[in-house]
Amino acid sequence: MTQTKIHEVLHRASLFLEKANREPKVAEILIRHHLGLSRQEWLLALRDPISEEKQIQIEADIKKHAETGIPVQHLTESEEFYGRIFQVNKHVLIPRPETEELVLAIKDYLAAQTGPVRVVDIGTGSGVIAITLALELNHAEVFATDISAEALQIAKQNADQWEADVSFLEGDFLSPVIHETTPFDVIVSNPPYIAKSEAAALSDTVRDFDPELALFAEEDGLAAYHMIIEQVKQLPLKKDTLLAFEIGHTQGESVKKRIQQVFPGSHVEIKQDINGKDRMVFASHLN
Ligand SMILES: C[S@@+](CC[C@H](N)C(=O)[O-])C[C@H]1O[C@@H](n2cnc3c(N)ncnc32)[C@H](O)[C@@H]1O
């Protein structure tokens, strides 16, 4: 009897997902996960036989994903961010590629800085922004807050795994660092920014699986920005302190206007992502 090959399972699973209106690429990710294959090993292994036991496990996950929309990252409990694998679970937002662009833009902003930098990441979730900045910047002192104790637990595990030095603090946006007396160089946040009214239009993969706390905000999705901007006013600031937000693509002008109202004379720039959509707001000269 000829044994089933990996590429045959891939073909079958991809077709199944396509018919279910799901992304066929998920098949490769799940098969690699179950077989413990890296991207490099994958191509070489495609013609290898696969055991019946593994086929059953893979098919069960493919079916679950097709039927419920459960994100592949929840099945593998991991996601790559900025070239590193991070643990994720139902308590944290699955990190998005747009947020990698935010980290890159912050690195660019700090490129000329030679000394140590102080960073606070607000609503850290899985910790990807804080941990990546701690690892990518020279001599960074990094703080990260979240209101979710469960999210902070995952963030701490990720920091331990990557040996990143980050102080994680539980609390409301900037509250845990509000009494700091030394100014931050970077105040960064990818806060919840989706309006509740948009929930129905979201894909089930997002709406039913990312934590509500990570997705939705009042005031048409702007409430978190408003609260954070008010809190920034209470912090000691330097001229080149950067306030960096990830935003929903329609929110740039509203967030910019609010920053300029609270900090007249500030320099505020709306930045686009790789798809040409407004995705970040960077503000400096806040004092
Ligand atoms: C959009 S997620 C971003 C997660 C992570 N920074 C990322 O970019 O993948 C927003 C995060 O803000 C947290 N959050 C929501 N409300 C908060 C609040 N009032 N204070 C602190 N964190 C909050 C959520 O728990 C969630 O982890």
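Each Cβ is built from the backbone N, Cα and C atoms, and glycine gets one as well.
Predicted automatically and left uncurated, TrEMBL annotations should be read as such.
Summarising the annotation, TrEMBL assigns S-adenosyl-L-methionine binding site to Gly123, Thr124, Gly125, Ser126, Gly127, Asp146, Phe173, Asn190. Using a 10 Å Cβ-Cβ cutoff, Phe173 (S-adenosyl-L-methionine binding site) registers 21 neighbours.
Annotated substrate binding site per TrEMBL: Asn190, Pro191, Pro192, Tyr193, in sequence order. DSSP assigns Pro192 (substrate binding site) to coil in the three-state reduction, placing it in neither a helix nor a strand. Around the Cβ of Pro192 (substrate binding site), the number of neighbouring Cβ atoms within 10 Å comes to 21.
The feature domain 'Release factor glutamine methyltransferase N-terminal' is assigned by TrEMBL to 8-76. When averaged over the domain 'Release factor glutamine methyltransferase N-terminal' (8-76), pLDDT in the model lands at 96.
Among the features that TrEMBL reports, domain 'Methyltransferase small' is placed at 118-198.
Checking the binding-site residues Gly125, Gly127, Tyr193 against ligand 1, the ones whose Cβ sits under 6 Å from it are Gly125.
The residues near the substrate site, meaning same-chain residues not in Asn190, Pro191, Pro192, Tyr193 whose C-beta sits within 8 angstroms of the mean position of the site's C-beta atoms, are Gly123, Ser189, Ala214, Ala217, Ala224, Tyr225, Glu246, in sequence order. The record assigns Gly123, Thr124, Gly125, Ser126, Gly127, Asp146, Phe173, Asn190 to the S-adenosyl-L-methionine binding site, and the maximum Cα to Cα distance across that set is 15 Å.
Other Cβ atoms within 10 Å of the Cβ of Asp146 (S-adenosyl-L-methionine binding site) number 30 in total over all chains. Taking the C-alpha positions, the distance from Asp146 (S-adenosyl-L-methionine binding site) to Pro192 (substrate binding site) comes to 11 Å.
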